[in-house]
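Annotated in TrEMBL:
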type	residues	note
BINDING	446	ATP binding site
COMPBIAS	319-328	compositional bias 'Pro residues'
COMPBIAS	336-345	compositional bias 'Pro residues'
COMPBIAS	353-367	compositional bias 'Basic and acidic residues'
DOMAIN	34-126	domain 'SH2'
DOMAIN	185-276	domain 'SH2'
DOMAIN	415-673	domain 'Protein kinase'
REGION	299-387	region 'Disordered'
Ligand code: AMP
């Protein structure tokens, strides 16, 4: 895998040597004094709080996951709000699909100059003190990282400008992959007994941990202390590519995994806090100068940096009265200011509509910010119908290509289109093949008709979101190709939509139907864990790779959700699939994974009804009245009561009463096994 990534940037020895030494330098965002690196939302809040929390005081941080995104944290009326700055597929940065900029610095400058879609203008940079460095990863500064990346690019005889520019993310992963060997928490190959001895010797402390290589030389183990006890977890290396604690999220490097569990408990008994240092680590670390001079956030910290008066505005950002546009009912008009009213202190102020209505940008955040009360690590589906091995066998054709192409556009000559598979909102979906470095894979290609700019924006948005997803029951994106028209290249799910399959296979056994439900539930649980709401879950958008392998598709309406605001607030009803929508979506335009749960209930109903149309021919208002009066879709013919009860639970009016996907999975798994044994 990584050999192939290297081939992307490899150049023949001696080729264009002038270019080889062009160091584009560390991206300017990393040197900005208000940039703190990959710190958590909580840490950002602590820093702004300790610095006075005055309106417009802001800092910038890099998202923990996905790599490459940023968040702007800003104080307003005693609270801290967070905006996710997304890196689009074309390398530009944007907030909520507004204007795009070459880097987050340009973006902030733009919004400082009065084009404000925020709760207030990002007016006062909350700067680090001179002796504080931004943290790239725990124990690694951006400067060190840049030096290591440069060293790596040179060792590969790669063009520095390319390796550190467009290929930056691939190079970063290459460098991070072995970085654990230089981290204090990595103890190399020691026995479990020795690991316990070292942890005990250094004293129990919640979250203190060691990672060691296991004797099989292929896997790793995490040992951590919590509540005075030792806990041990396997760390699997999946296909030599990604690292995961059993059934947990996969990461491309151990150092990223550690960062994740430092920020989020995510199934562990507590977060990872303090590394139990390996005896030889001082030597290793100092050798490559990796220790931060004065890290902003050490592992065990939580202590914010000392207060520092906000620095004055850069020239470009002269203080101006904040301009807050009202939330548009359809489409956004971010530049239109509301009428000013005197602020309490007599300064020019603004008429601020109620909180929910005054924020034109969704305050978004990334998956680092989800609640940490989940327990994804230790739950698993024993004997689940589609085993990991089965899925990986089927998917092997796509394995080890994503990394190469995802950060790059595909060239038009790489994508050969064949017949039509279906039609989407902005054009056709065609079957085809995609020629990659050393293999050719079958693909489905979403094409844009008439080069419609609105369609292009939508497809790029869909691509940006899909790029973040990597799960066996979700259609993966392979790349984007800008030929005569824009193309979104995806994994091919040869058998097409589940809805059509159901309509044609009335003989389908219940266990087979439940198998589909279980796989969809698995994919949806993953989306939930990635803070993504699908917003269009229905059997028409579940595609079949084989009769027993389903994948969720069509992310055209999907959005990232801010765990801070808990739901995605849509600007206005569009072409919405009303029959699949929960009442709060229709009334308040609020979407979260619990509204996806409602749609999942309708999808289960469709599966048990062999693709029938829900609510017959009722009109939208009639459906709402029907639901509000306590009615629900009728139990499909021959449907087991327990399955119908799951559907009913998904349709609880109060979303808090609906189950989560992870709660439904064991029940579905149990039913699957029961029906399978009796061949129902
Ligand atoms: P969409 O625009 O995503 O709703 O796709 C429209 C239609 O194209 C779907 O209903 C499928 O029939 C087909 N299609 C989309 N994506 C794929 C895929 N990855 N594999 C196979 N068929 C697909």
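Backbone N, Cα and C define each Cβ position, glycine as well.
The shown structure was predicted, so the numbers you read here are calculated from the model rather than taken from an experiment.
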Residues of the domain 'SH2' (34-126) by DSSP state, where helix covers H, G and I: 19 helix, 31 strand, 43 coil
The residue listed as 'ATP binding site': tally of other CB atoms within 10 A of its CB: 27
Segment confidence, the domain 'SH2' (185-276), expressed as mean pLDDT: 89
Counts of helix, strand and coil residues, the domain 'SH2' (185-276), according to DSSP: 21 helix, 29 strand, 42 coil
